[in-house]
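Colleague: I have a structure I would like to understand better, so I am pasting it below and will then ask my questions one at a time.
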Amino acid sequence: MSDLPGIVITGASGRMGQMLMKTVLASDKARLVGAVERPGHDWIGRDAGAAMGGAAVGVTVTDDPLEAFAQAQAVIDFTAPAATTHFAELAAQARAVHVIGTTGLGPADLDRLEWAAHHAVIVRAGNMSLGVNLLVQLTKKVAAALDADWDIEVVEAHHRMKVDAPSGTALMLGAAAAEGRGTTLDHARVSGRDGITGARARGSIGFSAIRGGDIVGEHDVIFATEGERITLRHIATDRAIFARGALKAALWGQDKRPGQYDMLDVLGL
Ligand SMILES: NC(=O)C1=CN([C@@H]2O[C@H](COP(=O)(O)OP(=O)(O)OC[C@H]3O[C@@H](n4cnc5c(N)ncnc54)[C@H](O)[C@@H]3O)[C@@H](O)[C@H]2O)C=CC1
Ligand SMILES: O=C(O)C1=N[C@H](C(=O)O)C[C@H](O)C1
């Protein structure tokens, strides 16, 4: 039996779930030991590879996360907030590293993750790609260099199936801009303008979301002032960038102390 870290993928049939399983199966640094879907899903009981339309891989899709997590060194989870908070408690029980890509988590969800992080490693980021995490740091720097005469707007575009807005990435970028400016996003955030909104509040950070077709993920951070404008942009064309980052996080977390980490920790940025 291999001593490579064993990985469980939750939300196995999803857009990211399938990409994650393919990434782990192709890796020589980890092995796929489990695939979890929600109860009642038609993949339950099927071989994960065959369910994806390929060769059998010897991993049966299950709706019993605790049994799957008990055999794993890491759980990679791109699902939905209610599932992720439940999985955090189970991963903590199993002492497995929990890599969370799920977005749209609210304050109560984040409190539950805080509890779980007392017992196990959690790595969470609204975007696991190298490019976006670099853009986060660039955004912080640019915001720190410019005063509030420069208006900051974050514009994001995603596929028609995305259920949360603004995207997790947009919120990361907005938080970085706020930090660079010496404020918080709670204080500066303005989302979804509509109707007679009045003039823009000085120092605010605005968010706009586009949803359509199969857009993987596009983010602009716009710094606009009288007579000039700077745009920092990231365009994702392949979900493999998120899966590669998530697997890197799962391996990185193996020798870390319990607590919450993000991709800036993993990438050393
Ligand atoms: N942090 C990052 O780098 C990225 C984050 N995401 C986020 O990942 C999440 C998933 O995105 P997609 O894969 O596009 O969605 P999706 O809808 O294609 O997949 C979600 C999967 O989770 C499963 N699921 C839901 N509840 C479950 C439960 N209780 N137990 C087991 N499985 C459950 C669903 O059945 C579905 O297969 C979203 O929150 C999205 O914003 C997506 C891409 C990159
Ligand atoms: O739902 C998606 O697809 C994506 N979600 C993440 C987000 O909310 O930022 C990351 C990426 O942009 C794709």
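Positions of Cβ are set from backbone N, Cα and C atoms, glycine also.
Annotations in TrEMBL come from automatic prediction, not curation.
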Colleague: TrEMBL has G11, A12, S13, G14, R15, M16, G101, T102, T103, A125, G126, N127, M128 binding NAD(+). Which one of E37, E153, E156 is in the same site?
Modeller: E37
Colleague: C-alpha of A125 (NAD(+) binding site) to C-alpha of H159 ((S)-2,3,4,5-tetrahydrodipicolinate binding site): distance in Å?
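Modeller: Given the Cα positions, A125 (NAD(+) binding site) is 19 Å from H159 ((S)-2,3,4,5-tetrahydrodipicolinate binding site).
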Colleague: Take the C-alpha atoms of G11 (NAD(+) binding site) and G168 ((S)-2,3,4,5-tetrahydrodipicolinate binding site) and report the distance between them in angstrom, rounded.
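Modeller: G11 (NAD(+) binding site) and G168 ((S)-2,3,4,5-tetrahydrodipicolinate binding site) have their Cα atoms 18 Å apart.
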Colleague: Using the Cβ center of H159, G168, T169 as the (S)-2,3,4,5-tetrahydrodipicolinate site position, which other residues in that chain lie within 8 Å, going by their Cβ?
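Modeller: Here the nearby residues are T103, G126, N127, E156, H158, K162, D164, S167, A170, G217, H219.
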Colleague: What residues, ordered by sequence, lie under 8 A Cβ-to-Cβ from T102 (NAD(+) binding site) and sit at least six positions away in the same chain?
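Modeller: The list for T102 (NAD(+) binding site) reads D77, F78, T79, A80, P81, A83, T84, given in order along the sequence.
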Colleague: Please give me the CB contact count at 10 A for R38 (NADP(+) binding site), counting all chains in the structure.
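Modeller: So the Cβ neighbour count for R38 (NADP(+) binding site) comes to 16.
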